Amino acid sequence: MKREDVLMEALPYIQKFYGKTIVIKLGGHAMVDQKILETVIRDAVLLHYVGMKVVLVHGGGPEITAKMKAMGKEPKFVGGLRITDPETLEIAQMVLVGKINDGIVSLIANCGTRAVGISGNDGNLLIARKMEPQRVQIGETFEEVDLGHVGEIEEVDPEVLHCLLAQNYIPVVAPIAIDRQGQSLNINADTAAAEIAIALKAYKLVNLTDVDGVMDADRKKVYHRLSLADAEAMIGRGVIAGGMIPKLEGCMKAIRNGVTSAHVVNGNREHNLLLELFTDEGVGTMITP
Ligand SMILES: Nc1ncnc2c1ncn2[C@@H]1O[C@H](COP(=O)(O)OP(=O)(O)O)[C@@H](O)[C@H]1O
Ligand SMILES: CC(=O)N[C@@H](CCC(=O)OP(=O)(O)O)C(=O)O
């Protein structure tokens, strides 16, 4: 394809997305290579300059895990959610708010654009309550497992994001929420991104991760298009595991609540974000009603 054809293929998409809100979730597994992360940030800045309202929500699971191990703690997950004791919450806040959020804001600044880093605590963006204990199958029996300081989002107040977007800042959100007593809670970043997309009435939610999309059980085939019913059936068949559970559930909830499309895209390949949005074929999984 000629270079000018590539640009012309993008034009109808640029027109369609102009002025629309896009929530981009940067998974921890899509941020392991600093060089690629820099290209992802440049892509996000490009979306900002072609007129989209860009909101970034980031994870950082692998870095939290590494820090826990370095401190002699063994990470444990239930349904893709980290069991979070008080010390783990402190580590998660340090890594997510203190390090990763700040790093992304600096990368955006390096592209000549202004970003503001916040967590769900700021402006009461994410109000949560402690998650109820989860039923987990251990061998033949079921046990109730308390996840500790893990939150379930009760309310989203997007006002702070509207203010930042109106002033042309790119908001960068760390997945920590606050409960009604002022206690911080650890939130899965996929869930945070989906709830924020719903509250902003976003046009798109894009999850950048380390796989080419939602795959079948033996992880050979990528599904490029999924309806809500297809996605529900995949969860029912047990094809979806680990960190893909909150991701796909977040996408489904977003779609059920008015977001036009949700995407799962490999963020470890350069410019996949642009290719997913601005080409006819796309590169990842697009979930629609
Ligand atoms: N059906 C599936 N299709 C694709 N990935 C899956 C599937 N089931 C489980 N996964 C896992 O989900 C992971 C992505 O989730 P996660 O590790 O939480 O990433 P991130 O840190 O980017 O949010 C993949 O690396 C893959 O191992
Ligand atoms: C409750 C819970 O699991 N919180 C996550 C928050 C970070 C996250 O979600 O990071 P990824 O997007 O990289 O997975 C955690 O502690 O790992």
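Each Cβ is built from the backbone N, Cα and C atoms, and glycine gets one as well.
Quick caveat, the model's predicted, so the values are computed rather than measured.
What TrEMBL records for the substrate site is Gly60, Gly61, Asn186, and among Arg42, Arg82, Arg219 the residue it adds there is Arg82. With respect to ligand 2, the recorded positions Gly60, Arg82, Asn186, Lys247 contribute Gly60, Arg82, Asn186 as residues with a C-beta closer than 6 angstroms to one of its atoms, given in sequence order. Fewest other C-beta atoms within 10 Å: among the recorded positions Lys25, Arg82, Lys247, that description fits Arg82. A simple Cβ count within 10 Å picks out one of the binding-site residues Gly60, Gly61 as the most packed, and that one is Gly60.
Between Gly60 (substrate binding site) and Lys25 (site 'Transition state stabilizer'), the C-alpha separation comes to 11 Å. If you take every residue in the domain 'Aspartate/glutamate/uridylate kinase' (20-266) and average the pLDDT, you get 96.
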